[in-house]
Amino acid sequence: MGKEKTHINIVVIGHVDSGKSTTTGHLIYKCGGIDKRTIEKFEKEAAEMGKGSFKYAWVLDKLKAERERGITIDISLWKFETSKYYVTIIDAPGHRDFIKNMITGTSQADCAVLIVAAGVGEFEAGISKNGQTREHALLAYTLGVKQLIVGVNKMDSTEPPYSQKRYEEIVKEVSTYIKKIGYNPDTVAFVPISGWNGDNMLEPSANMPWFKGWKVTRKDGSASGTTLLEALDCILPPTRPTDKPLRLPLQDVYKIGGIGTVPVGRVETGVLKPGMVVTFAPVNVTTEVKSVEMHHEALSEALPGDNVGFNVKNVSVKDVRRGNVAGDSKNDPPMEAAGFTAQVIILNHPGQISAGYAPVLDCHTAHIACKFAELKEKIDRRSGKKLEDGPKFLKSGDAAIVDMVPGKPMCVESFSDYPPLGRFAVRDMRQTVAVGVIKAVDKKAAGAGKVTKSAQKAQKAK
């Protein structure tokens with residue numbers, strides 16, 4: 001087998017009809033974890049329903065339907081391989097909770113793949129003021145997804161088909177647009193593709209002899225190639241934050257007979273090891289980690305990205321819960337936030353938001369009502385420059401610096417220190433009305449919390 005390939009996460013963004021599903025389906029289909037039998041079954045069903053022309057998207061549709069019904073699908077279906085990477089598609093938009101997922105970050109994407117449709121009138125609809133192309137790209141950038149690949153899709157349906165002129169026009173427009181957001185177009189691979197016909201997906205297309213390939217220039221090494229798969233292969237490998245102090249937001253806490261209390265969650269930063277003394281915030285409980293396991297196997301250490309369960313001594317299920325954060329008691333332990341300052345972008349709110357507004361925030365695994373205590377300044381959402389001090393209200397499209405106060409104890413961090421704990425979605429009326437990035441946290445001085453006997457013993461022994 002040789003060395004394991006590096007795992008990377010991508011998020012696929014773009015307007016509804018840009019062909020994201022077909023393109024993604026094509027990659028999964030040709031390089032992915034779906035076995036031949038399943039593919040044949042899908043093809044047969046698609047043909048019976050007269051959806052033969054829809055087979056790649058159909059693959060994704062089947063997966064999505066199962067995902068939405070809460071059937072935990074075999075996640076290998078959302079994976080495919082390039083020569084260098086195992087790629088996981090962490091979310092495909094069109095999924096109701098896409099924006100929320102992208103922000104609360106079931107995982108952080110290493111790269112965004114923006115699909116734009118080249119068909120007559122389609123590109124214009126996608127990038128128009130109310131098209132989703134802009135919003136998705138802006139979100140990706142705001143949330144720290146700094147690498148981007150652009151697939152100019154449906155090249156087979158331009159006028160005339162595979163038109164170089166149309167492709168160049170789109171590249172020019174998208175470059176201007178992503179530059180305004182903050183991406184540097186020189187670092188972005190643009191690839192003319194047909195997710196349906198397969199042009200420039202895995203193999204160079206014979207239909208576009210004019211396309212001499214894509215090139216990116218960046219300080220960590222330049223790259224060039226022809227296909228979308230090659231562009232994915234040239235994503236810069238992520239650096240996982242093992243050197244930071246531990247932060248592990250809890251997804252659940254189980255009580256397991258004969259073992260005891262087992263919190264479960266994903267290590268976001270740092271390392272979790274048996275024998276460590278951890279503090280849970282905001283509840284301020286400190287205890288010793290007895291064992292750590294993943295997929296029912298004991299680990300000597302858990303690293304960022306690992307979903308683990310860990311057994312803690314002398315702590316009841318009532319002491320800790322989902323949304324709490326575990327950290328190393330001796331190395332910048334997590335603390336309750338009395339309040340925090342954030343930069344927010346209002347996405348879709350029907351009215352005006354003023355001080356006192358108290359929607360629910362989804363930040364890492366916490367889900368807590370927070371009050372917009374003070375609107376400090378309105379800013380330009382691209383440059384971050386101040387537009388006005390102390391605005392009276394905010395409306396859709398506005399960006400602002402806001403002081404927020406949680407309604408219940410909560411643990412968050414600044415985006416610059418701990419990115420996964422420093423971005424949030426604002427939910428109201430069953431939709432995401434705003435997104436935010438935390439600039440600074442006012443930490444509550446922790447009183448004497450609960451320190452278990454095993455923690456005291458472990459601390460003495462050290």
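Each residue, glycine too, has its Cβ placed from N, Cα and C.
Pulled from Swiss-Prot, these are the features on record:
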MOD_RES   GLY2  N,N,N-trimethylglycine
DOMAIN    5-242  domain 'tr-type G'
REGION    14-21  region 'G1'
BINDING   14-21, 153-156, 194-196  GTP binding site
MOD_RES   LYS36  N6,N6,N6-trimethyllysine
MOD_RES   LYS79  N6,N6,N6-trimethyllysine
MOD_RES   LYS165  N6,N6,N6-trimethyllysine
MOD_RES   LYS165  N6-acetyllysine
MOD_RES   LYS172  N6-acetyllysine
MOD_RES   LYS273  N6-acetyllysine
MOD_RES   GLU301  5-glutamyl glycerylphosphorylethanolamine
MOD_RES   LYS318  N6,N6,N6-trimethyllysine
MOD_RES   GLU374  5-glutamyl glycerylphosphorylethanolamine
MOD_RES   LYS392  N6-acetyllysine
MOD_RES   THR432  phosphothreonine
MOD_RES   LYS439  N6-acetyllysine
For the C-alpha pair, I'd like the distance in angstrom between LYS392 (N6-acetyllysine) and GLU374 (5-glutamyl glycerylphosphorylethanolamine), rounded off. 10
Quick one: pull the CA-CA distance for GLU374 (5-glutamyl glycerylphosphorylethanolamine) versus LYS439 (N6-acetyllysine), whole Å only. 15
On the DSSP side of things, how many residues of the region 'G1' (14-21) fall into helix, strand and coil, could you say? 5 helix, 0 strand, 3 coil
Between LYS20, LYS392, LYS439, which of the recorded positions has its C-beta surrounded by the fewest other C-beta atoms within 10 Å? LYS392
Pairwise Cα distance for GLY14 (GTP binding site)/LYS439 (N6-acetyllysine) [Å, integer]: 28
Measuring CA to CA, name the entry from the modified residues LYS172, LYS273, GLU301 that ends up nearest ASN153 (GTP binding site). LYS172
Cα-nearest neighbour of the residue listed as 'phosphothreonine' within the listed recorded positions, SER18, LYS273, GLU301: SER18
Among LYS79, LYS165, LYS273, GLU301, LYS439, these being the modified residues, pick the one whose CA is nearest to that of LYS20 (GTP binding site). LYS79
